[in-house]
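Colleague: Below are the features I grabbed from Swiss-Prot:
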- Glu205: active site, proton donor (ACT_SITE)
- Lys338: active site, proton acceptor (ACT_SITE)
- Gln163, Lys338, Arg367, Ser368, Lys389: (2R)-2-phosphoglycerate binding site (BINDING)
- Asp242, Glu286, Asp313: Mg(2+) binding site (BINDING)
Amino acid sequence: MLTIKDVHALEVMDSRGNPTIQASVILSDNTKASAIVPSGASTGKREALELRDNDKTRFLGKGVLRACENVNSVIKHHLIGLEATSQAFVDERLRALDGTPNYANLGANAVLGVSMALARASAKALNLPLYRYLGGANALTLPVPMLNIINGGTHANNSIDFQEYMIMPLGFESFREALRASAEVYHTLKKLLDGKNQLTSVGDEGGFAPNFNNNVEPLEAISQAIEKAGYKLGEEIALALDVASSELVDGNFNYHLKGENKILDSHELVAYYKELVAKYPIVSIEDGLSEDDWEGWAFLSKELGRQIQLVGDDLFVTNASILQKGIEKNVANAILIKPNQIGTISETLETIRLAKHHAYQCVMSHRSGESEDSFIADFAVALNTGEIKTGSTARSERIAKYNRLLEIEHELKGGIYIGKELFKHG
(Lines of atoms letter the chains of each structure in order from A and count residues from 1; the text may use other names and numbers.)
(Lines give C-alpha, C1' and ligand atoms only; values in the text may rest on other atoms or scores of the structure.)
Protein backbone atom coordinates (compact mmCIF):
# COMPACT_ATOMS: atom_id res chain seq x y z
CA MET A 1 0.00 0.00 0.00
CA LEU A 2 1.30 3.44 -0.97
CA THR A 3 1.29 5.83 1.95
CA ILE A 4 2.22 9.46 2.49
CA LYS A 5 5.77 9.70 3.80
CA ASP A 6 6.34 13.46 3.86
CA VAL A 7 4.62 16.74 3.02
CA HIS A 8 6.23 20.15 2.78
CA ALA A 9 5.70 23.59 1.26
CA LEU A 10 7.84 26.39 -0.10
CA GLU A 11 7.07 30.03 -0.85
CA VAL A 12 7.58 30.58 -4.61
CA MET A 13 6.49 33.25 -7.13
CA ASP A 14 3.50 33.45 -9.45
CA SER A 15 3.27 35.12 -12.86
CA ARG A 16 2.51 38.52 -11.33
CA GLY A 17 5.54 38.44 -9.06
CA ASN A 18 3.47 37.67 -5.99
CA PRO A 19 4.27 34.86 -3.56
CA THR A 20 2.37 31.60 -3.73
CA ILE A 21 2.71 28.07 -2.37
CA GLN A 22 4.51 25.14 -3.91
CA ALA A 23 3.48 22.01 -2.03
CA SER A 24 5.33 18.70 -2.33
CA VAL A 25 4.28 15.20 -1.32
CA ILE A 26 6.65 12.24 -0.96
CA LEU A 27 5.21 8.72 -0.89
CA SER A 28 6.42 5.55 0.81
CA ASP A 29 8.12 4.38 -2.41
CA ASN A 30 9.97 7.74 -2.51
CA THR A 31 7.89 9.07 -5.40
CA LYS A 32 7.83 12.86 -5.15
CA ALA A 33 5.56 15.37 -6.87
CA SER A 34 4.86 19.06 -6.43
CA ALA A 35 2.13 21.54 -7.31
CA ILE A 36 1.99 25.34 -7.43
CA VAL A 37 -1.22 27.09 -6.38
CA PRO A 38 -2.62 29.93 -8.53
CA SER A 39 -4.17 33.19 -7.31
CA GLY A 40 -6.96 35.40 -8.67
CA ALA A 41 -7.22 39.18 -9.15
CA SER A 42 -11.00 39.53 -9.43
CA THR A 43 -12.22 37.16 -6.73
CA GLY A 44 -15.72 36.20 -5.69
CA LYS A 45 -16.44 37.11 -2.09
CA ARG A 46 -17.68 33.58 -1.37
CA GLU A 47 -14.39 31.97 -2.43
CA ALA A 48 -12.38 29.86 0.00
CA LEU A 49 -9.82 31.92 1.92
CA GLU A 50 -6.39 32.48 0.42
CA LEU A 51 -4.17 32.87 3.49
CA ARG A 52 -1.68 35.76 3.27
CA ASP A 53 0.74 36.95 5.95
CA ASN A 54 -0.38 40.61 5.97
CA ASP A 55 3.17 41.49 7.01
CA LYS A 56 3.77 44.79 5.18
CA THR A 57 7.55 44.39 5.50
CA ARG A 58 7.49 41.40 3.10
CA PHE A 59 5.96 41.40 -0.38
CA LEU A 60 3.67 44.30 0.61
CA GLY A 61 1.80 41.98 2.94
CA LYS A 62 1.24 39.22 0.37
CA GLY A 63 3.68 36.65 1.73
CA VAL A 64 2.47 33.08 2.30
CA LEU A 65 4.86 31.93 5.03
CA ARG A 66 1.97 31.27 7.42
CA ALA A 67 0.28 29.03 4.87
CA CYS A 68 3.58 27.24 4.22
CA GLU A 69 4.05 26.72 7.94
CA ASN A 70 0.55 25.24 8.15
CA VAL A 71 1.62 22.65 5.58
CA ASN A 72 5.01 21.99 7.15
CA SER A 73 3.64 21.48 10.65
CA VAL A 74 -0.11 20.93 11.05
CA ILE A 75 -1.01 19.29 7.72
CA LYS A 76 2.14 17.18 7.52
CA HIS A 77 1.60 15.79 11.02
CA HIS A 78 -1.94 14.65 10.22
CA LEU A 79 -1.30 13.16 6.76
CA ILE A 80 1.81 11.04 7.24
CA GLY A 81 0.91 7.36 7.01
CA LEU A 82 -2.41 7.85 5.20
CA GLU A 83 -3.08 5.85 2.04
CA ALA A 84 -1.92 8.01 -0.86
CA THR A 85 -4.42 6.81 -3.46
CA SER A 86 -7.41 7.53 -1.21
CA GLN A 87 -7.72 11.10 -2.51
CA ALA A 88 -11.26 11.65 -1.21
CA PHE A 89 -10.34 10.39 2.27
CA VAL A 90 -7.24 12.58 2.48
CA ASP A 91 -9.13 15.63 1.18
CA GLU A 92 -11.85 15.05 3.76
CA ARG A 93 -9.18 14.83 6.45
CA LEU A 94 -7.85 18.21 5.30
CA ARG A 95 -11.34 19.71 5.44
CA ALA A 96 -11.98 18.36 8.93
CA LEU A 97 -8.55 19.49 10.08
CA ASP A 98 -9.31 23.07 9.08
CA GLY A 99 -12.77 23.01 10.61
CA THR A 100 -14.23 26.03 8.80
CA PRO A 101 -16.45 26.25 5.69
CA ASN A 102 -13.89 28.33 3.76
CA TYR A 103 -10.50 27.08 5.03
CA ALA A 104 -10.06 30.20 7.14
CA ASN A 105 -7.63 28.43 9.50
CA LEU A 106 -5.19 26.58 7.24
CA GLY A 107 -5.79 28.57 4.05
CA ALA A 108 -7.27 27.17 0.85
CA ASN A 109 -3.90 27.80 -0.82
CA ALA A 110 -2.19 25.48 1.68
CA VAL A 111 -4.85 22.79 1.38
CA LEU A 112 -5.16 22.87 -2.42
CA GLY A 113 -1.39 22.66 -2.93
CA VAL A 114 -1.25 19.46 -0.89
CA SER A 115 -4.36 18.02 -2.58
CA MET A 116 -2.93 18.65 -6.06
CA ALA A 117 0.54 17.36 -5.18
CA LEU A 118 -0.95 14.18 -3.71
CA ALA A 119 -2.92 13.42 -6.88
CA ARG A 120 0.17 14.03 -8.99
CA ALA A 121 2.40 11.86 -6.77
CA SER A 122 -0.11 9.00 -6.75
CA ALA A 123 -0.44 9.10 -10.54
CA LYS A 124 3.33 9.13 -10.90
CA ALA A 125 3.76 6.18 -8.51
CA LEU A 126 1.21 4.16 -10.49
CA ASN A 127 2.93 5.14 -13.76
CA LEU A 128 -0.24 6.79 -15.04
CA PRO A 129 -0.71 10.19 -16.68
CA LEU A 130 -2.50 12.53 -14.29
CA TYR A 131 -5.57 12.77 -16.56
CA ARG A 132 -5.88 8.97 -16.61
CA TYR A 133 -5.43 8.66 -12.83
CA LEU A 134 -8.12 11.28 -12.13
CA GLY A 135 -10.50 10.43 -14.97
CA GLY A 136 -10.10 6.72 -15.64
CA ALA A 137 -10.74 5.15 -19.04
CA ASN A 138 -13.30 7.79 -20.02
CA ALA A 139 -10.78 10.65 -20.07
CA LEU A 140 -10.79 11.13 -23.84
CA THR A 141 -12.06 14.62 -24.69
CA LEU A 142 -9.80 17.56 -25.52
CA PRO A 143 -11.46 20.82 -24.44
CA VAL A 144 -12.25 23.83 -26.60
CA PRO A 145 -9.97 26.65 -25.43
CA MET A 146 -11.41 30.04 -24.55
CA LEU A 147 -8.50 32.31 -25.40
CA ASN A 148 -8.44 35.73 -23.80
CA ILE A 149 -6.91 37.93 -26.50
CA ILE A 150 -8.04 41.38 -25.32
CA ASN A 151 -7.86 42.19 -21.61
CA GLY A 152 -9.75 44.89 -19.75
CA GLY A 153 -11.19 45.42 -16.29
CA THR A 154 -8.99 44.41 -13.37
CA HIS A 155 -6.65 42.46 -15.68
CA ALA A 156 -5.37 45.52 -17.52
CA ASN A 157 -4.80 49.22 -16.99
CA ASN A 158 -7.02 50.56 -19.76
CA SER A 159 -10.47 52.01 -20.47
CA ILE A 160 -12.28 48.74 -21.28
CA ASP A 161 -14.89 47.67 -18.72
CA PHE A 162 -15.24 44.01 -19.69
CA GLN A 163 -12.46 41.89 -18.27
CA GLU A 164 -11.93 39.40 -21.09
CA TYR A 165 -12.66 39.25 -24.80
CA MET A 166 -12.13 35.69 -25.92
CA ILE A 167 -12.13 33.56 -29.05
CA MET A 168 -13.40 29.98 -29.18
CA PRO A 169 -12.07 27.86 -32.08
CA LEU A 170 -15.08 25.58 -32.52
CA GLY A 171 -14.82 24.59 -36.18
CA PHE A 172 -11.74 22.37 -36.15
CA GLU A 173 -11.07 18.64 -36.10
CA SER A 174 -8.26 18.63 -33.53
CA PHE A 175 -7.02 20.63 -30.58
CA ARG A 176 -3.73 21.20 -32.41
CA GLU A 177 -5.48 22.83 -35.38
CA ALA A 178 -7.74 24.86 -33.10
CA LEU A 179 -4.74 26.19 -31.19
CA ARG A 180 -2.84 26.99 -34.40
CA ALA A 181 -5.78 28.99 -35.75
CA SER A 182 -6.08 30.85 -32.45
CA ALA A 183 -2.40 31.77 -32.48
CA GLU A 184 -2.74 33.05 -36.04
CA VAL A 185 -5.69 35.23 -35.03
CA TYR A 186 -3.70 36.53 -32.04
CA HIS A 187 -0.76 37.57 -34.24
CA THR A 188 -3.09 39.06 -36.85
CA LEU A 189 -4.79 41.09 -34.12
CA LYS A 190 -1.40 42.42 -33.00
CA LYS A 191 -0.70 43.67 -36.52
CA LEU A 192 -4.12 45.31 -36.72
CA LEU A 193 -3.62 47.04 -33.38
CA ASP A 194 -0.14 48.19 -34.43
CA GLY A 195 -1.67 49.64 -37.60
CA LYS A 196 -4.12 51.68 -35.50
CA ASN A 197 -1.32 52.92 -33.21
CA GLN A 198 -2.90 50.98 -30.37
CA LEU A 199 -0.93 49.59 -27.47
CA THR A 200 0.10 45.95 -27.84
CA SER A 201 1.32 45.52 -24.30
CA VAL A 202 -0.28 42.50 -22.69
CA GLY A 203 -2.36 42.00 -19.56
CA ASP A 204 -2.03 39.37 -16.85
CA GLU A 205 -3.37 36.59 -19.06
CA GLY A 206 -1.42 37.36 -22.22
CA GLY A 207 -4.10 39.27 -24.08
CA PHE A 208 -3.53 42.72 -25.48
CA ALA A 209 -4.59 45.72 -23.43
CA PRO A 210 -5.34 48.49 -25.96
CA ASN A 211 -6.99 51.78 -25.04
CA PHE A 212 -10.23 51.44 -26.95
CA ASN A 213 -12.93 54.07 -26.48
CA ASN A 214 -15.74 51.67 -25.58
CA ASN A 215 -16.59 48.02 -25.02
CA VAL A 216 -17.70 47.33 -28.60
CA GLU A 217 -14.44 48.28 -30.35
CA PRO A 218 -12.63 45.13 -29.10
CA LEU A 219 -15.38 42.97 -30.66
CA GLU A 220 -14.90 44.78 -33.98
CA ALA A 221 -11.12 44.39 -33.83
CA ILE A 222 -11.25 40.68 -33.00
CA SER A 223 -13.87 40.03 -35.71
CA GLN A 224 -11.59 41.76 -38.21
CA ALA A 225 -8.59 39.73 -37.06
CA ILE A 226 -10.44 36.42 -37.41
CA GLU A 227 -11.48 37.19 -40.98
CA LYS A 228 -8.11 38.68 -41.94
CA ALA A 229 -6.41 35.51 -40.64
CA GLY A 230 -8.55 33.55 -43.11
CA TYR A 231 -11.16 32.04 -40.79
CA LYS A 232 -14.95 32.14 -40.84
CA LEU A 233 -16.29 34.38 -38.09
CA GLY A 234 -18.86 32.56 -36.00
CA GLU A 235 -18.48 29.26 -37.84
CA GLU A 236 -14.84 28.36 -37.28
CA ILE A 237 -14.06 30.86 -34.53
CA ALA A 238 -16.70 32.39 -32.25
CA LEU A 239 -16.51 35.10 -29.59
CA ALA A 240 -16.96 34.99 -25.81
CA LEU A 241 -16.94 37.55 -22.99
CA ASP A 242 -16.06 37.58 -19.32
CA VAL A 243 -17.69 40.75 -18.05
CA ALA A 244 -16.65 40.23 -14.39
CA SER A 245 -19.59 42.47 -13.55
CA SER A 246 -19.13 42.16 -9.79
CA GLU A 247 -16.31 44.67 -10.38
CA LEU A 248 -18.75 47.10 -12.07
CA VAL A 249 -21.74 47.02 -9.72
CA ASP A 250 -22.73 49.37 -6.91
CA GLY A 251 -24.84 48.65 -3.84
CA ASN A 252 -28.10 49.18 -5.74
CA PHE A 253 -27.31 46.69 -8.53
CA ASN A 254 -26.52 49.46 -10.98
CA TYR A 255 -23.65 48.68 -13.35
CA HIS A 256 -21.14 51.42 -14.16
CA LEU A 257 -19.80 51.12 -17.70
CA LYS A 258 -17.17 53.84 -17.78
CA GLY A 259 -16.17 52.96 -21.33
CA GLU A 260 -19.73 53.71 -22.44
CA ASN A 261 -20.29 56.53 -19.92
CA LYS A 262 -23.45 54.70 -18.83
CA ILE A 263 -25.02 53.45 -15.63
CA LEU A 264 -27.39 50.54 -16.31
CA ASP A 265 -29.68 48.49 -14.10
CA SER A 266 -29.82 44.70 -14.50
CA HIS A 267 -32.55 44.69 -17.15
CA GLU A 268 -30.84 47.42 -19.16
CA LEU A 269 -27.53 45.54 -19.04
CA VAL A 270 -29.26 42.36 -20.25
CA ALA A 271 -30.78 44.37 -23.11
CA TYR A 272 -27.27 45.61 -23.96
CA TYR A 273 -26.01 42.00 -24.05
CA LYS A 274 -28.87 41.04 -26.34
CA GLU A 275 -27.83 43.79 -28.76
CA LEU A 276 -24.23 42.53 -28.74
CA VAL A 277 -25.28 38.90 -29.23
CA ALA A 278 -27.51 39.92 -32.15
CA LYS A 279 -24.65 41.78 -33.85
CA TYR A 280 -21.66 39.54 -33.09
CA PRO A 281 -21.23 35.73 -32.90
CA ILE A 282 -20.94 35.70 -29.10
CA VAL A 283 -21.56 32.17 -27.82
CA SER A 284 -20.70 32.64 -24.14
CA ILE A 285 -20.95 35.37 -21.49
CA GLU A 286 -19.34 34.85 -18.09
CA ASP A 287 -20.40 36.74 -14.96
CA GLY A 288 -22.81 38.91 -16.92
CA LEU A 289 -24.29 40.12 -13.64
CA SER A 290 -23.04 40.52 -10.08
CA GLU A 291 -22.58 37.54 -7.77
CA ASP A 292 -25.37 38.87 -5.52
CA ASP A 293 -27.80 39.89 -8.25
CA TRP A 294 -29.83 36.67 -8.26
CA GLU A 295 -32.93 38.39 -9.61
CA GLY A 296 -30.92 39.88 -12.46
CA TRP A 297 -29.32 36.51 -13.17
CA ALA A 298 -32.75 34.89 -13.40
CA PHE A 299 -33.79 37.54 -15.95
CA LEU A 300 -30.55 37.12 -17.93
CA SER A 301 -31.03 33.34 -17.99
CA LYS A 302 -34.64 33.71 -19.15
CA GLU A 303 -33.68 36.14 -21.91
CA LEU A 304 -30.48 34.54 -23.24
CA GLY A 305 -30.12 31.11 -21.59
CA ARG A 306 -31.53 29.18 -24.56
CA GLN A 307 -29.40 31.09 -27.03
CA ILE A 308 -25.90 31.23 -25.54
CA GLN A 309 -23.79 29.85 -22.71
CA LEU A 310 -24.11 31.83 -19.46
CA VAL A 311 -21.21 31.03 -17.13
CA GLY A 312 -21.23 31.61 -13.39
CA ASP A 313 -17.80 32.26 -11.88
CA ASP A 314 -18.07 34.72 -8.98
CA LEU A 315 -21.71 33.59 -8.82
CA PHE A 316 -20.92 29.94 -7.98
CA VAL A 317 -17.22 29.98 -6.91
CA THR A 318 -16.92 26.24 -7.73
CA ASN A 319 -19.11 25.55 -4.69
CA ALA A 320 -21.62 22.69 -4.98
CA SER A 321 -24.08 24.12 -2.46
CA ILE A 322 -24.16 27.52 -4.19
CA LEU A 323 -24.49 25.80 -7.57
CA GLN A 324 -27.46 23.86 -6.17
CA LYS A 325 -29.11 27.19 -5.33
CA GLY A 326 -28.52 28.33 -8.91
CA ILE A 327 -30.00 25.12 -10.29
CA GLU A 328 -33.13 25.58 -8.17
CA LYS A 329 -33.49 29.19 -9.35
CA ASN A 330 -32.87 28.28 -13.03
CA VAL A 331 -29.88 30.60 -13.07
CA ALA A 332 -27.05 30.33 -15.66
CA ASN A 333 -26.35 27.17 -17.66
CA ALA A 334 -22.61 26.75 -17.11
CA ILE A 335 -20.09 26.99 -14.30
CA LEU A 336 -16.46 28.03 -14.23
CA ILE A 337 -14.28 25.52 -12.39
CA LYS A 338 -11.41 26.96 -10.35
CA PRO A 339 -10.06 24.49 -7.78
CA ASN A 340 -8.62 27.25 -5.57
CA GLN A 341 -12.09 28.73 -5.09
CA ILE A 342 -13.22 25.66 -3.16
CA GLY A 343 -10.08 24.07 -1.67
CA THR A 344 -9.48 20.44 -2.68
CA ILE A 345 -9.53 18.23 -5.75
CA SER A 346 -12.36 16.13 -4.29
CA GLU A 347 -14.60 19.13 -3.64
CA THR A 348 -13.93 20.31 -7.19
CA LEU A 349 -14.97 16.88 -8.47
CA GLU A 350 -18.17 17.04 -6.43
CA THR A 351 -19.12 20.36 -8.02
CA ILE A 352 -18.39 19.09 -11.54
CA ARG A 353 -20.51 15.98 -10.99
CA LEU A 354 -23.44 18.08 -9.75
CA ALA A 355 -23.13 20.44 -12.72
CA LYS A 356 -23.05 17.61 -15.25
CA HIS A 357 -26.00 15.86 -13.59
CA HIS A 358 -28.07 18.99 -14.22
CA ALA A 359 -26.71 19.56 -17.76
CA TYR A 360 -24.62 22.60 -16.83
CA GLN A 361 -21.52 23.04 -18.97
CA CYS A 362 -18.20 23.04 -17.10
CA VAL A 363 -15.30 25.34 -17.99
CA MET A 364 -11.96 24.46 -16.37
CA SER A 365 -10.11 27.68 -15.55
CA HIS A 366 -6.78 29.18 -14.62
CA ARG A 367 -6.40 32.31 -12.47
CA SER A 368 -4.77 35.58 -13.47
CA GLY A 369 -1.86 34.81 -11.13
CA GLU A 370 -0.51 31.55 -12.57
CA SER A 371 2.68 29.51 -12.81
CA GLU A 372 4.30 26.86 -14.98
CA ASP A 373 2.08 24.25 -13.31
CA SER A 374 -0.18 22.56 -15.90
CA PHE A 375 -2.45 20.60 -13.53
CA ILE A 376 -5.69 22.06 -14.93
CA ALA A 377 -4.88 20.79 -18.44
CA ASP A 378 -4.92 17.20 -17.18
CA PHE A 379 -7.90 17.96 -14.97
CA ALA A 380 -9.95 19.27 -17.93
CA VAL A 381 -9.30 16.08 -19.91
CA ALA A 382 -9.83 13.85 -16.87
CA LEU A 383 -13.31 15.25 -16.29
CA ASN A 384 -14.22 15.79 -19.97
CA THR A 385 -15.16 19.37 -19.14
CA GLY A 386 -15.29 20.29 -22.82
CA GLU A 387 -13.90 23.79 -22.28
CA ILE A 388 -10.80 25.35 -20.75
CA LYS A 389 -9.91 28.96 -20.01
CA THR A 390 -6.19 29.43 -19.67
CA GLY A 391 -5.32 32.71 -21.33
CA SER A 392 -3.86 33.80 -24.61
CA THR A 393 -1.20 32.23 -26.82
CA ALA A 394 1.40 34.34 -25.02
CA ARG A 395 3.15 34.23 -21.61
CA SER A 396 4.77 30.95 -20.71
CA GLU A 397 2.54 30.28 -17.69
CA ARG A 398 -0.42 30.15 -20.12
CA ILE A 399 1.44 28.24 -22.83
CA ALA A 400 2.39 25.55 -20.28
CA LYS A 401 -1.25 24.44 -20.21
CA TYR A 402 -1.64 24.48 -23.99
CA ASN A 403 1.57 22.53 -24.49
CA ARG A 404 0.39 19.95 -21.98
CA LEU A 405 -2.89 19.59 -23.88
CA LEU A 406 -0.93 19.08 -27.11
CA GLU A 407 1.02 16.31 -25.36
CA ILE A 408 -2.17 14.71 -24.09
CA GLU A 409 -3.78 14.81 -27.54
CA HIS A 410 -0.68 13.11 -28.96
CA GLU A 411 -0.73 10.45 -26.22
CA LEU A 412 -4.44 9.72 -26.62
CA LYS A 413 -4.32 9.29 -30.40
CA GLY A 414 -8.02 8.38 -30.35
CA GLY A 415 -8.82 11.48 -28.33
CA ILE A 416 -11.76 13.62 -29.37
CA TYR A 417 -11.64 17.39 -29.87
CA ILE A 418 -15.19 18.38 -29.00
CA GLY A 419 -15.22 21.49 -31.24
CA LYS A 420 -18.54 22.00 -33.02
CA GLU A 421 -20.30 19.43 -30.83
CA LEU A 422 -19.85 21.60 -27.73
CA PHE A 423 -23.04 23.63 -28.10
CA LYS A 424 -25.18 21.07 -29.95
CA HIS A 425 -27.10 20.00 -26.85
CA GLY A 426 -30.61 21.26 -26.08
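Cβ atoms here come from the backbone N, Cα and C positions, even for glycine.
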Colleague: Using C-alpha positions only, work out which of the recorded positions Gln163, Lys338, Ser368 is nearest to Asp313 (Mg(2+) binding site).
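Modeller: Ranked by Cα distance from Asp313 (Mg(2+) binding site), first place goes to Lys338.
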Colleague: Long-range same-chain neighbours of Lys389 ((2R)-2-phosphoglycerate binding site), Cβ under 8 Å, sequence gap at least 6?
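Modeller: For Lys389 ((2R)-2-phosphoglycerate binding site), the qualifying residues are Pro145, Met146, Asn148, Met166, Asp242, Leu336, Val363, Met364, Ser365, His366.
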Colleague: When you put Lys338 (active site, proton acceptor) at the centre and draw a 10 Å sphere around its Cα, which of the recorded positions Gln163, Glu205, Glu286, Arg367 have their Cα inside it?
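Modeller: Passing the 10 Å Cα cut: Arg367.
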Colleague: Including all protein chains displayed, how many Cβ atoms other than that of Gln163 ((2R)-2-phosphoglycerate binding site) lie within 10 Å of its Cβ?
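Modeller: A 10 Å sphere around the Cβ of Gln163 ((2R)-2-phosphoglycerate binding site) contains 28 other Cβ atoms.
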Colleague: With an 8 Å cut-off on Cβ distance to the Asp242, Glu286, Asp313 Cβ center, who else from the chain surrounds the Mg(2+) site?
Modeller: Gln163, Glu164, Leu241, Val243, Ala244, Ile285, Asp287, Val311, Gly312, Asp314, Leu336, Lys389
Colleague: Just counting, how many other CB atoms are there within 10 A of the CB of Ser368 ((2R)-2-phosphoglycerate binding site)?
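Modeller: 23, counting other Cβ atoms within 10 Å of Ser368 ((2R)-2-phosphoglycerate binding site).
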Colleague: Report, in whole Å, the straight Cα-to-Cα distance of Glu286 (Mg(2+) binding site) from Glu205 (active site, proton donor).
Modeller: 16
Colleague: Note down the number of other Cβ atoms within 10 Å of the Cβ of the residue listed as 'active site, proton donor', including every protein chain shown.
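Modeller: There are 30 such Cβ atoms around the residue listed as 'active site, proton donor'.
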Colleague: For a quick check of understanding: among the recorded positions Lys338, Arg367, which residue's Cβ has the most other Cβ atoms within 10 Å?
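Modeller: That would be Arg367, with the most Cβ atoms nearby.
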Colleague: Which value in Å gives the longest Cα to Cα span across the (2R)-2-phosphoglycerate site residues Gln163, Lys338, Arg367, Ser368, Lys389 as recorded?
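Modeller: Farthest-apart Cα atoms in Gln163, Lys338, Arg367, Ser368, Lys389 are separated by 17 Å.
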Colleague: Would you mind reading off the Cα separation of Glu286 (Mg(2+) binding site) from Ser368 ((2R)-2-phosphoglycerate binding site), to the nearest angstrom?
Modeller: 15
